[in-house]
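Participant: Features from TrEMBL:
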{"type": "DOMAIN", "residues": "597-859", "note": "domain 'G-protein coupled receptors family 3 profile'"}
{"type": "SIGNAL", "residues": "1-18", "note": "signal peptide"}
{"type": "TRANSMEM", "residues": "407-423", "note": "transmembrane segment"}
{"type": "TRANSMEM", "residues": "496-516", "note": "transmembrane segment"}
{"type": "TRANSMEM", "residues": "596-620", "note": "transmembrane segment"}
{"type": "TRANSMEM", "residues": "632-655", "note": "transmembrane segment"}
{"type": "TRANSMEM", "residues": "667-690", "note": "transmembrane segment"}
{"type": "TRANSMEM", "residues": "711-733", "note": "transmembrane segment"}
{"type": "TRANSMEM", "residues": "753-775", "note": "transmembrane segment"}
{"type": "TRANSMEM", "residues": "787-809", "note": "transmembrane segment"}
{"type": "TRANSMEM", "residues": "815-837", "note": "transmembrane segment"}
Amino acid sequence: MAFVSLLIPCFVIGTDMALSCQNADDFVGASSPGDIIIGGLFAVHSEMLHPEEVPIKPVIQNCSGFEIQVFLQTLAMIHAIEMINNSTLLSGVTLGYEIYDTCAEVTKAMASALRFLPKFNSSEDVVEFKCNYSDYIPRIKAVTGASYSEVSMAVSRLLALQLIPQVSPASSAEILSDKIRFPSFFRTIPSDFHQTRAMTHLICESGWNWIGVIATDDDNGRFALESFGVQAMANNVCIAFKEMLPAYLSDNTFHTKVDHAIEKIVKETRVNVIVVFMRQFHVLQLFKKAIERNVNKIWIASDNWSAAVKISTLPNIRQLGTIVGFGFKSGDMSSFQEFLRNLHERPTENNKFLREYIMLSSICAHLEYHDFQTCISNQSQDDLLENIENKYQIWRDDFLNANIEPGFIQSTTLAVYAIAHAIKRQCKDRKCKDPSAFTPWEIFPDMLREFSLEENVTQIDSDDSKLTTEASLPVVLYKKGTAKRLLLQEKNIFSYYWRFILMFLSDFFFCLGFVLCTLQKVQSTCSQHCKPGQMKKVTESPHTCCYECVYCPENHYSNRTDMDYCYRCNNKTYWAPINSTACYRKTIYFLAWTDWFAIFLLLLSTFGVLLVLSICVIFTKNLDTPVVKASGGLTVCYIILFSHFLIFISTVFFIDVPTELKCKTRQTLFGISFTLCISCILIKSLKILLAFSFDPKLQNFLKCMYKPIPTVVTCTGIQVIICTFWLIFSTPFVNQNFSIPRAIILECNEGSIVAFGIMLGYIAALAFICFIFAFKGRKLPENYNEAKFITFGMLIYFIAWIVFIPVYATTFGKYLPAVEIIVVLISNYGILCCTFLPKCYIMIYKQETNTKSAFLKMVYTYSSKSAGSVAVSQVSLDSKSSSLRATISETCNTEKNSVNGNCHFQVPGQPLIKGKVLPKNAARTTARKRLSSI
């Protein structure tokens with residue numbers, strides 16, 4: 001290490017590349033003759049030397065920075081060609097190769113690609129211009145490479161002119177899948193679409209949504225970043241920052257921008273995951289700076305550097321944190337390793353790359369592993385030239401084996417075999433020892449069969465004669481605390497079968513669990529995760545991943561973390577409190593049988609029924625007594641008592657779960673029963689008033705009105721019609737009342753409030769008429785006078801229903817039916833008690849007054865008091881002369897001012913008033929006749 005630190009970091013150049021190439025042959029890095037030539041493009045050197053000033057001559061510059069891993073890929077191509085030549089795959093046809101160094105630059109790659117296009121067996125390296133290249137035979141039949149997508153894009157556009165197949169083992173840009181723009185391009189690895197999709201799944205499964213991205217500012221980096229951005233957006237992953245580093249190490253701003261990227265990573269403390277789409281030597285420079293700043297993050301590697309040995313063996317790499325990425329599936333490396341062990345015995349005349357490696361390893365042979373690797377990459381030109389002069393060479397095959405990246409070696413081998421299989425199909429009926437037997441574009445359809453449209457790659461079977469379409473992305477993890485590469489397992493995370501492209505998910509999650517065990521404790525989010533019961537509230541940040549967590553409002557819930565919104569409880573039968581993780585079924589309320597208030601009301605109704613039955617028994621036992629006859633007779637009493645019975649029964653329909661039958665029955669039963677009761681009481685009031693009224697005009701009116709059966713039928717029939725129309729056109733129904741947040745009140749909706757009001761209003765109208773008639777007869781004989789008690793009963797009814805209206809309008813809930821039950825019971829008890837209990841009292845406790853003689857005596861006494869009453873036929877006094885009228889009556893009753901039954905009374909200032917004196921005996925006779933008919 002001490003030796004390396006003293007070395008001046010100069011550019012490394014090849015032996016024949018020390019000076020500008022003098023002829024085209026100097027341009028070739030490795031070559032071998034054969035019947036069919038295959039081209040190769042590899043970035044054996046990491047950069048191309050650029051002059052400090054703008055170039056004034058079109059001279060191709062030399063390269064520096066020997067890349068041992070890419071050098072091994074060139075050896076893999078040579079090894080694969082030699083294995084094919086030694087096998088029976090092509091039946092005696094040998095493959096040759098020409099491999100060029102692109103130096104990771106498009107300019108150098110284009111110059112190399114031009115070497116592939118000249119006409120075969122031409123004395124000059126000249127590319128002929130033709131409108132149709134169908135019969136044009138170029139020097140090579142196919143090309144393997146290039147290493148980087150940006151280079152492959154440029155080369156593919158040039159090769160597409162003659163449809164020369166190009167198979168890349170490392171270019172993963174998604175745009176290269178476009179067969180319109182790149183018709184002759186193929187590859188043996190999945191595109192960035194699958195890689196970025198895998199990265200996004202890994203990020204999502206790890207619970208991260210706030211990450212940084214660093215990429216090279218070239219086509220490969222930009223396309224990978226674009227693809228990843230689309231996948232990240234689709235999976236709600238936000239990119240906190242994007243840093244683009246220059247594509248070329250020779251860029252003067254490269255180290256400045258690396259420092260800026262590291263500063264950005266350090267500044268963004270909430271970003272703990274960095275996705276890196278860069279070339280290996282870019283990553284190496286970035287990590288060196290990161291180690292100096294003690295940056296500790298999760299690094300997600302692209303396939304380009306995920307298994308890079310130079311990075312996994314970087315000193316103090318464990319300080320960086322954890323590196324996880326996706327690589328390429330490797331195959332059996334035993335044959336290639338054997339090839340490397342015998343490599344030093346091979347001639348180097350036709351392989352400048354090998355000769356350069358031998359010289360570099362001789363210079364750095366005395367160093368340890370990592371220092372040896374650094375020495376090779378940074379060896380100066382002077383040391384290299386000195387070694388050439390000394391001719392002293394030392395071989396280190398252990399270093400080559402240690403730097404094998406199996407994924408890239410396998411991909412390169414697959415590329416060569418894919419070309420060989422396509423050539424084999426062309427050679428079935430042709431003599432392919434003649435290079436002009438077929439053109440490159442003729443193997444193009446065979447190449448399409450080797451590679452599906454979904455970029456499936458080929459894999460060599462054990463007999464080297466058959467290819468299968470399968471690719472994979474195993475997980476590579478640099479575990480914190482060790483500097484060694486840890487390959488989790490060889491099982492594919494993604495198996496891209498071209499027929500079953502979606503089958504990768506099961507394999508992905510099978511293998512992903514191993515990675516998540518290492519990463520599960522790392523947090524990389526802009527905001528804290530919102531717990532179940534919360535939702536995201538977007539802040540002023542432009543990123544959707546930056547938010548606040550707020551509780552779900554009432555009747556909303558969230559059952560997962562980081563939900564963008566809360567679900568509303570699916571219907572009105574569920575509810576949820578604030579900060580709820582689930583909806584709960586609402587409690588259903590109704591006036592149940594078991595409710596204490598319902599039990600109390602049922603007891604009152606039961607007592608009422610018993611009271612009705614008791615009164616019925618009492619009246620039946622006193623069937624022929626004057627009190628029963630004075631009540632209208634047993635038939636009328638039975639009808640009234642039956643209606644009271646039905647009213648008490650109707651309260652049962654207000655309790656328990658409402659049904660359509662209950663809702664329709666309870667109001668109609670109550671309305672018709674109450675109407676029947678009031679109608680019968682109205683007839684009784686008319687009869688009593690008719691019996692004891694001595695006013696001729698009132699008598700005539702009452703005689704016209706008193707039609708018992710028609711009146712009862714008509715009054716009740718009108719209510720029946722009202723209820724019938726109500727049930728037909730707007731029938732009551734069961735309703736769910738959601739006015740209480742956490743409950744559902746089952747209640748009967750009356751259907752039409754107007755119809756309900758008409759029904760009650762009609763009962764009230766009948767009760768008011770009955771009240772007027774009863775009020776007029778309130779001073780009739782006390783023991784047999786029902787009018788006074790009917791008046792009290794009607795007053796109780798009016799008070800109950802007047803109070804009911806505002807209470808009913810302002811009450812809601814399960815006790816709303818109870819309010820109606822209460823008013824029904826009060827009005828029913830009031831009328832029942834006022835109508836029948838006084839008579840029952842007489843029949844039980846004052847039986848002596850319930851005889852015919854006592855009744856006649858009472859009638860005589862009342863008639864005697866009323867015998868002197870004067871029926872005034874013509875009274876012209878105004879309403880203020882009531883006292884005068886009393887004086888007239890008193891004067892005439894003394895019979896001093898009466899002459900032959902006529903009474904004349906003169907008041908000063910008033911006209912003469914005439915009246916008629918009713919004889920006492922006549923009055924008594926009339927009263928007795930009327931009462932006897934009751």
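In case you wondered, yes, glycine gets a Cβ from its N, Cα and C as well.
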Participant: Counting only residues 6+ away from its ends, which parts of the chain sit with a Cβ under 8 Å from the transmembrane segment (753-775)?
Facilitator: 667, 671, 674-675, 678-679, 681-682, 685-686, 689, 715, 718-719, 722-723, 725-726, 729-730, 786-788, 790-791, 794-795, 797-798, 801
Participant: Do any residues, 6 or more residues outside the transmembrane segment (407-423), come within under 8 Å Cβ-to-Cβ of it, and if so which ones?
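Facilitator: Distant contacts of the transmembrane segment (407-423): 36, 38, 69, 72-73, 76-77, 79-81, 84, 89-90, 93, 95, 141-142, 144, 165, 167-170, 186-189, 303, 307, 327-331, 333, 336, 432, 443, 446-447, 450-451, 457-460, 464, 467, 474.
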Participant: Could you give the mean pLDDT over the domain 'G-protein coupled receptors family 3 profile' (597-859), rounded to a whole number?
Facilitator: 84
Participant: Considering pairs 6 or more residues apart, do the transmembrane segment (596-620) and the transmembrane segment (815-837) have at least three CB pairs under 8 Å?
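Facilitator: With 3 or more qualifying Cβ pairs, these stretches touch.
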Participant: Can you work out which residues elsewhere in the same chain, 6+ from the ends of the transmembrane segment (787-809), have a Cβ less than 8 Å from its Cβ atoms?
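Facilitator: 681, 684-685, 688-689, 760, 764, 767-768, 770-771, 773-780, 816, 819-820, 823, 826-827, 830-835, 838.
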Participant: Do any residues of this chain, six or more beyond the ends of the transmembrane segment (632-655), have a C-beta under 8 angstroms from a C-beta of it, and if so which?
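Facilitator: That would be 591-593, 598, 601-602, 605-606, 608-609, 612-613, 615-616, 619-620, 623, 662, 665-666, 669-670, 673-674, 676-677, 680-681, 683-684, 687, 708, 712, 817-818, 820-821, 824-825, 828, 831-832, 835-836.
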Participant: Taking a Cβ cut-off under 8 Å, which residues six or more beyond the ends of the transmembrane segment (711-733) line up next to it in the same chain?
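Facilitator: 639, 660, 663-664, 667-668, 671-672, 675-676, 678-680, 682-683, 686, 705, 748-752, 755-756, 758-759, 762-763, 766.
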